[in-house]
Amino acid sequence: MERQQKILIFLNSVLLTVFAILIIYLTIRYGAEFTALFRKPRQFRELLTAYGPISVLVFIFFQIVQVVVATIPGELIQIAGGYVYGTFLGTVYSTLGILCGTVAAFYIARLLGYRLLRILLPQQELAKFEFLMNKPKAELTMFLLFLIPGIPKDILTYLAGITPIKPSKFFLTVTLARFPGILASSFVGSHIQQQRYLPVIIVSVIACLLFLVGFLKKDSIIQWLHRHFHAKEPRNSDELELKQTQPEEGR
């Protein structure tokens, strides 16, 4: 039994190392290139068009990679999606891609455990979210964190993977919470393509103001959620690691 446990720990460490190297490589090699591409919707549309009937799958794949890598701005892809496919289809395809990416990131975190979070986030930042390891009202807290602009959504997906939250509840929560932002980004992209700039300016100004408030007040928002929805908090990160979460029934 002890031998099997050592083998599992070794395999987990190997997978963790490989995944970390892959994320770093993709970020360095393609991060800036992808970001620049998504900032040029016309070029992005030409790229997708070259794939013919599977262009939608390519777009969804880009969206999945964005969530898993978590260093590429998701809004840029969503705007590009709206530019290429229009508000409705852009929203649908982005939502599908984000959902698939969320499922992948969630189970990667559940497989690799708490050590993955310590690679992805500085300890000081990670400590702000440790209260989410407690189960009570986690869905509501997650919903608010994913809904409010300016809070790192994709990192939260990895965090959720090591909590006891039921996967199906989490995926539904994330989809509902992120939908308004996806819709707004797709709307902006679609109206840029139509050269209807007044709606673009209005929505962009509102989005920027909300993002600015969320970003500047991020710590206060997290503390407020902690105080109001979570009475207990893990003592430290070592306890969290030893207390590796057991998923609810229905995992």
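Each residue's number is its place along the chain shown, starting with 1.
Note: Cβ is positioned from N, Cα and C throughout, glycine not excepted.
Caution: TrEMBL annotation is automatic and unverified by curators.
Features of the protein shown, as given by TrEMBL:
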TRANSMEM  7-28  transmembrane segment
TRANSMEM  48-72  transmembrane segment
DOMAIN    72-190  domain 'VTT'
TRANSMEM  84-108  transmembrane segment
TRANSMEM  140-159  transmembrane segment
TRANSMEM  171-192  transmembrane segment
TRANSMEM  198-216  transmembrane segment
Q) Are there residues at least 6 beyond the ends of the transmembrane segment (48-72) whose Cβ is under 8 Å from a Cβ of it, and what are they? A) 23, 26-27, 31, 34-35, 38, 78, 81, 84-85, 93-94, 96-98, 100-102, 104-105, 108, 120, 152, 154-155, 157-158
Q) What is the number of residues in the domain 'VTT' (72-190) that are helix, strand and coil, as DSSP sees it? A) 98 helix, 0 strand, 21 coil
Q.
Return the average pLDDT for the domain 'VTT' (72-190) as a whole number.
A. 86
Q.
If I count Cβ-Cβ pairs under 8 A between the transmembrane segment (171-192) and each of 84-108, 140-159, 198-216, which range comes out on top?
A. 84-108
